[in-house]
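Working notes, beginning with the structure itself.
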């Protein structure tokens, strides 16, 4: 007989495999009270589960997919970062510029690629943190407060708060995070991208009407061409290697092309506003890289605490959601996650970023899931559907889980801070960056759950496929209500960021979790919620945080294929085992296969104990 949920989770945390591979269990017969915190347990378990794969995280990088993924993520990370630097440059009186944003991206990439339990997560400068930075500037600089010293104190306070959250296993709360919260936040981030693009274009009138209209035209062309590249990548046009090339490199090549396009013919005579840059490896303003945070009034030291609380709330949600989406159920991941340890690392990078006077980096949406998607190895299978006999489709065989692509794109970003490349960056018109904002916003909206539900509701019922899961819901009003709640959450978050109270938007985002967990089950039936909403990541990924809230246990003796998010045929494929390359050593593969089976045996054993 199974234990109550709290007791099962406690047992799964306490029962582990020792160094000799033998099973032992210290599961308590009574569930822990919520106030009984096992300090450091989450971080220790994360490291214990991930450590056996550290070496393979480097050797598994011997795969072609790492090359396009590295190049794609370099551009997908650096180009929005440059656009955000332009936004902060204008709104913080040149306090943050290109070098600060690039260095923040390098810091996040190197630390998380080398030390994180979730190295697939891309860390850099996000839209929400730019809102946070210039809102703090608007509030504090009129008081005569030293901006960099105050931001440094926010970073140091937030570092301590991140450490407390990691030590007390706060990430166990992620078991309550579902697609509802993630889709709402992702929808907000997508609109932040679109808004920033519009704001960049409105500033182009400072250079004249001709410059503004040319910038608008270029931004729309960038959007259309980059979008067309994505469509071609998913189509049946051309040979597969041509489609993949266009899909992998279409966006960066579009930016490069239109950067040169505006210097052709009569457009060369138009004075376009370009990306402002500074001296190589130096801050934008005349200061050193180390912030003298003690040059501040003692009262401001304590005023920084509520700002640090809001930053910590934002990062806890934003980074963890990025990690969840990057390890979503659609990706057949084979290596364990580690949310507690990564929040600890995020605290380290937040404190270091404050001392350096650079924007605080954290997990990126949509770049993080784009990175995992770029590392997917696909194969062609025959369609089993009788109506589509003879047709083929592509399915994800495995994901190349490794650390090299994240580290490599970070080192490439560091190289971008050199003088010659900064000169090249200075040639990029701001209209191109606005178009890039539009591209990122549209891409984020395309796969968002809110968008997909709205499209379903807008479709002609007679032309909606019977296989669509939403058709299993009898009450169409339930879908409308669910989408309305998501849009209200998005609207409240977006609205507050347009005011001086923008600093408080993380609180609204966090409130989405209890709304979904405790209130919405009173308004929707379990069947409706199972169709409308779902856990963001697979049970295998969620093992780090104690499982998924309300998830059913796997029957005793059953082989839980779903816990890795893959079909059973993949379990017997040596080439696909944990993303191994063909040249892997048989001994290593055998040990890893035994390790995974040991994990499954452990979960079944725990069920018998209960």
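Numbers run from 1 along the shown chain.
Every residue, even glycine, has its Cβ placed from backbone N, Cα and C.
Matching 298-317, 318-337, 378-397 against TrEMBL, the residues noted as transmembrane segment span 298-317. Looking at 502-519, 520-537, 538-555, the range annotated in TrEMBL as transmembrane segment turns out to be 502-519.
When the ranges 34-53, 214-233, 274-293 are checked against TrEMBL, the one recorded as transmembrane segment is 214-233. Same-chain neighbours of the transmembrane segment (214-233): 197, 201, 204, 243-244, 246-248, 250-251, 254-255, 257-258, 261-262, 267, 270, 272-273, 429-432, 434-436, 438-439, 442-443, counting only residues six or more beyond its ends whose CB sits under 8 Å from a CB of the stretch.
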